[in-house]
Amino acid sequence: MRTLGGFTFPCDAPVFVRVDFNVPMDEVGTITDDLRIRASLPTIESLLGRGAPLILISHLGRPVKNEQQGFSLKPCAERLSEYIGVNVPLVDFLDLDTKLYGELTRHLDKSGIVLFENIRFFAEETSKAQADRRILAEQLAPFAGAYVNDAFGASHRRHASVYELAQAFSNKAAGFLIESEMQAFSHLASEAKRPYTVILGGAKLSDKLRLIENILPTVDRLLLCGGMAFTFLAAQGCETGKSLLEESFISEANKIIDFAKQNNVELILPVDVIEARSLTSPLGVVSKAESISYMGLDIGPETQSIFRNVIQDSKTVFWNGPAGLFENPSFSNGTRALLDALSSSSAFTFIGGGDTAAAVSLLGFDYGDFSHVSTGGGACLELLEGKILPALEVL
């Protein structure tokens with residue numbers, strides 16, 4: 001995979017930079033967490049500093065046909081403008097014709113950078129038919145002379161702007177964000193100091209099964225929390241009440257428990273939980289994990305203490321998936337306790353994107369408190385499952 005260090009520019013031709021500005025916004029369109037925009041700055045500023053005219057491409061959310069309201073990248077263009085000190089025009093390019101060349105030229109002559117409107121406004125971007133995606137890529141390709149992918153969070157997709165468009169260029173490279181992400185994953189794969197602890201939470205075991213199978217032989221401790229823990233508790237004969245439970249995966253949970261025992265991997269489950277009658281309950285009660293009556297929505301204080309001690313005794317920690325329903329303050333203490341333990345740890349601490357990265361900001365922590373916070377949710381998991389990311393394979 002070629003990186004920006006070996007990247008050469010075409011004479012005067014713009015460079016496509018596929019960024020990932022898929023950031024969370026509130027109901028009035030205000031960005032609530034701009035990690036992904038800030039993470040793109042090293043690549044953008046480096047290319048601008050080297051005199052390259054830039055055409056940025058990104059997606060935002062999952063707009064459906066003829067439903068564009070709430071999915072405009074305008075707030076992202078405005079936030080990026082604040083960071084780089086240059087006005088970043090937002091260009092609506094739904095009509096890919098010769099008129100666009102003139103508009104792009106005017107903007108690039110003035111600012112040196114533009115942001116195309118949400119690429120997912122084209123249905124072809126996410127089409128399952130490769131022929132459709134290739135048509136969109138062929139329409140886009142003439143507007144630039146080179147291609148840089150810095151959208152790690154979208155690189156597990158076979159979408160037109162990260163897969164087919166990259167194949168349209170011989171002069172292409174990965175940006176600094178992707179390079180940084182891959183270095184962090186390389187550290188986990190080949191340089192992880194021991195004890196090596198993995199914490200997995202989130203809703204479903206089925207979403208993390210392949211990940212667990214791939215990493216279990218390489219770790220010393222596996223801490224399980226979130227909704228997926230209840231399938232493991234049920235496998236051990238515990239009463240899980242109305243908690244999230246995947247009964248069809250209980251046998252898989254038993255296999256994982258047996259494998260951990262046979263390979264001296266310490267598998268640690270919650271010993272107490274915070275349970276409540278509903279997801280919106282204003283208050284939960286502490287219960288032993290083996291006898292839950294209602295819904296387990298967070299790990300309890302004893303489990304928090306156990307997990308904290310394990311983290312303090314670790315040299316490498318990877319965490320993906322919140323410990324509970326952290327969006328509700330009543331059930332955020334478990335996730336907060338893990339963040340607090342990790343932020344004060346001397347270990348290499350890796351936060352695995354998605355909801356886990358969102359919790360960092362929401363619960364008042366700083367991304368700099370951790371060794372690495374990934375910008376990719378699905379991309380992060382697929383790498384740890386041992387998969388090759390399609391968009392990186394074609395660079």
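Please read every residue number as a count from 1 along the shown chain.
Just so it is clear, glycine is given a Cβ too, placed from its N, Cα and C backbone atoms.
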Residue in ARG120, ARG133, ARG134, ARG194 which Swiss-Prot records at the substrate site where ASP20, PHE21, ASN22, ARG36, HIS59, LEU60, GLY61, ARG62, ARG157 also bind = ARG120
Give the residue from the binding-site residues ASN22, THR356 that has the most other Cβ atoms within 10 Å of its Cβ, counting over every protein chain displayed.
-> THR356
Find the one among the binding-site residues ASP20, ASN22, HIS59, ARG120 whose C-alpha lies closest to that of GLY296 (ATP binding site).
-> ASN22
Whole-number Å value of the largest CA-CA distance among ASP20, PHE21, ASN22, ARG36, HIS59, LEU60, GLY61, ARG62, ARG120, ARG157, listed as substrate-binding = 18
Which of these binding-site residues has the least crowded Cβ, counting other Cβ atoms within 10 Å: ASP20, GLU327, ASP355?
-> GLU327
Work out the three-state DSSP category of GLY61 (substrate binding site).
-> coil
